[in-house]
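Undergrad: The structure under discussion is supplied below as C-alpha cells; questions concerning it will follow.
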Amino acid sequence: MGKSVAILGAQWGDEGKGKIVDLLTDRVKYVVRYQGGHNAGHTLIINGEKTVLRLIPSGILRDNVTCLIGNGVVLSPEALMKEMGELEARGINVRDRLKISEACPLILPYHVAMDHAREAALGKNKIGTTGRGIGPAYEDKVARRGLRVSDLFDKEAFAEKLKDILDYYNFQLVHYYKVEPVDFQKTLDDVFAIADVIKGMVADVTTLLHQARKEGVNILFEGAQGTMLDIDHGTYPFVTSSNTTAGGVATGSGFGPRNLDYVLGIIKAYCTRVGSGPFTTELFDEVGAEIARKGNEFGAVTGRPRRCGWFDAVAVRRAVQINSISGFCMTKLDVLDGFEELKICTAYKMPNGEIVEYAPMAAKDWKGVEPIYETMPGWSENTFRVTKREELPQAALDYIKRIEELVGVPVDILSTGPDRVETMILRDPFAA
C-alpha cells in the first residue's frame, strides 16, 4: 500500500523544504505542487551543485519521478519556460516528466505590473510581496475573471478575454497608480509563443493522483512558503495569497483529505521571516546578526535578508493545530553551534498582562506581544554534517527534546547541512 505524505513549512517559510523533498523523492513516483507560484524558492544542493527551483516541483532532479502542478498553483508561463530552459540546459528531462493542471490560473504581465504598483504606493506600509504577480493572480481567480491554462488553447476566445482584463487593469495602472499600461499585442504574442509547449504537458492531475493511490504508489506533496504565511491562518494581512497549510493539499490538487497519511512539518532550529509582519522572537542584536551570517539567511528568490530570532514554540504549536502535523524535520541545527546559551519562546505575554500559549490569529493582536523565554545551555561541539544521532552533543539532544515536549510532536528528521546526504532520518514518513 502506497503512502501519501505532505511536506510543508511550519514557520514563516524558508525552512528548508526543498532539500527534504528532494531527499525523500527516491521513495515516490509523484511529487505535487499544490499552491503558490514562482514566489517559492526551493534550494537544493546535490554533490555540491546548487539548484534553485521556483515553480517546478523539487522531484524533477530524480529521473524516476513525475512532477505535477496542481490547480492551486498560479502559473507564470514565462517563469515556467525560463526554469525549464535552465534545467534542460543541464540535461534534465522536464517535458516528459512534468504534468500541469489545466485549471491553473495564469500569471501574466499585468499581474506583475499591478503587484509592483501597489507595493510602491503603500510605501513603508507595504506587505513585502516578491513582486511576481502572485496576489493579483489569486485575486482574479476569486473574482472569477482570471485566465486559466485551459483558456490558452482557444486563441480567439483568449484574445477577447485578455482584452477585457487588460482594459480593467490598464485603467487602474494609468489613472490611479500613474504608471505605464501593459501592451495587449505583446502580451498576446508572448503567451501564444509558448502555449503549444504548455499544451503538451497538460493533464488531469486529480485523476492521475487517484489512479496512483489505487496502484499503491507513494506520493509526495510539496508545500511552498510556511504556515504562518497562510492567507487564512497566518499573520494577516502580512501573508501570502494561498493556503500554505495541509488543507491546501486537497483544494489545490483534488486529492481527498482522508487519503493523506502523514504530514511532515519543516522547522528551523531557530526562526526567520522575510518581509513585513509580526515576529515576536526577532533579534536585533549581535546574536541575531550572527545567526543570519552563519545560516546564510538571504531569500533564494528575492535575495532579501531574512529577519532572525529564537525558536518560537508558540507559533509552531499553532502550526501543529492547523496541519495535524505527524512529525517534524528540524533543519539548520548546525547554525546554533558555538552559542553559549539558547532561548526558546514558550509563551506570549499580551499587552494586558495575560500569558497565552497559542498565537493570535490577526496581525493587530500581535502588537505589544512579548516573548516569554526558557533559556538552555548551548554547545561548543560541531554538529555540521553529523549524520548519526549518537554523535550529537548532549546539549543539542536536550534542545531538540525540549522543543518536542513544548510542541507535542516528535522530530523525525534532522538536517545538519545543505547537502541531501547531511541528514538523519530517525523515522521515515513513508514507513511511519
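Any Cβ shown, glycine's included, is placed from N, Cα and C.
Keep in mind that this is a model prediction, so the values were computed, not measured.
In case it helps, Swiss-Prot gives these features for our protein:
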type: ACT_SITE; residues: Asp14; note: active site, proton acceptor
type: ACT_SITE; residues: His42; note: active site, proton donor
type: BINDING; residues: 13-19, 41-43, Arg306, 332-334, 415-417; note: GTP binding site
type: BINDING; residues: Asp14, Gly41; note: Mg(2+) binding site
type: BINDING; residues: Asp14, Glu15, Gly16, Lys17, Asn39, Ala40, Gly41, His42, Thr130, Arg144, Gln225, Thr240, Arg304; note: IMP binding site
type: BINDING; residues: Ala300, Val301, Thr302, Gly303, Arg304, Pro305, Arg306; note: substrate binding site
Undergrad: Have a look around Thr130 (IMP binding site) and count the other CB atoms within 10 A of its CB, chains all included.
TA: 22
Undergrad: Measure the Cβ-based neighbour count of the residue listed as 'active site, proton acceptor', defined as the other Cβ atoms within 10 Å of its Cβ.
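TA: Taking all protein chains shown, the residue listed as 'active site, proton acceptor' has 29 Cβ neighbours within 10 Å.
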Undergrad: Reported as an integer number of Å, what is the Cα distance between Gly303 (substrate binding site) and Thr130 (IMP binding site)?
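TA: Each residue's Cα considered, Gly303 (substrate binding site) and Thr130 (IMP binding site) end up 10 Å apart.
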Undergrad: Of the binding-site residues listed here (Asn39, Thr130, Gln225, Pro305), which is spatially closest to Gly13 (GTP binding site) when Cα positions are compared?
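TA: Closest by Cα: Gln225.
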Undergrad: Can you tell me the three-state DSSP label for Lys19 (GTP binding site)?
TA: helix
Undergrad: For the binding-site residues Lys19, Arg304, Arg306, which Cβ has the most other Cβ atoms within 10 Å, all shown protein chains included?
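TA: That would be Lys19, with the most Cβ atoms nearby.
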Undergrad: Cα-Cα, whole number of Å: Arg304 (IMP binding site) versus Asp14 (active site, proton acceptor)?
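TA: Checking the Cα atoms of Arg304 (IMP binding site) and Asp14 (active site, proton acceptor) gives a distance of 12 Å.
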Undergrad: Can you tell me the three-state DSSP label for Leu333 (GTP binding site)?
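TA: Once the DSSP labels are grouped into three classes, Leu333 (GTP binding site) ends up as helix.
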Undergrad: What is the total of other Cβ atoms whose distance to the Cβ of Gln225 (IMP binding site) is within 10 Å?
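TA: Step by step: centre on the Cβ of Gln225 (IMP binding site), count other Cβ atoms within 10 Å, giving 30.
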Undergrad: Let me check the 10 A CB neighbour count of Asn39 (IMP binding site). How many other CB atoms are there?
TA: 27
Undergrad: Ranked by the number of other Cβ atoms within 10 Å of their own Cβ, which of the binding-site residues Gly13, Gly16, Gly41, Gly303, Pro305 ranks first?
TA: Gly13
Undergrad: Using a 10 Å cut-off, grab the number of neighbouring Cβ atoms around the Cβ of Thr416 (GTP binding site), all chains included.
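TA: Excluding its own Cβ, Thr416 (GTP binding site) sees 25 Cβ atoms within 10 Å.
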Undergrad: Mind giving me a neighbour count for Leu333 (GTP binding site)? Other Cβ atoms within 10 Å of its Cβ, every protein chain shown.
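TA: Result for Leu333 (GTP binding site): 23 other Cβ atoms within 10 Å.
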Undergrad: Determine, from DSSP, whether Gly303 (substrate binding site) sits in helix, strand or coil.
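TA: Where Gly303 (substrate binding site) sits, the three-state DSSP reduction gives coil.
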Undergrad: Tell me whether Thr416 (GTP binding site) sits in a helix, a strand or coil according to DSSP.
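TA: In three-state terms, Thr416 (GTP binding site) counts as coil.
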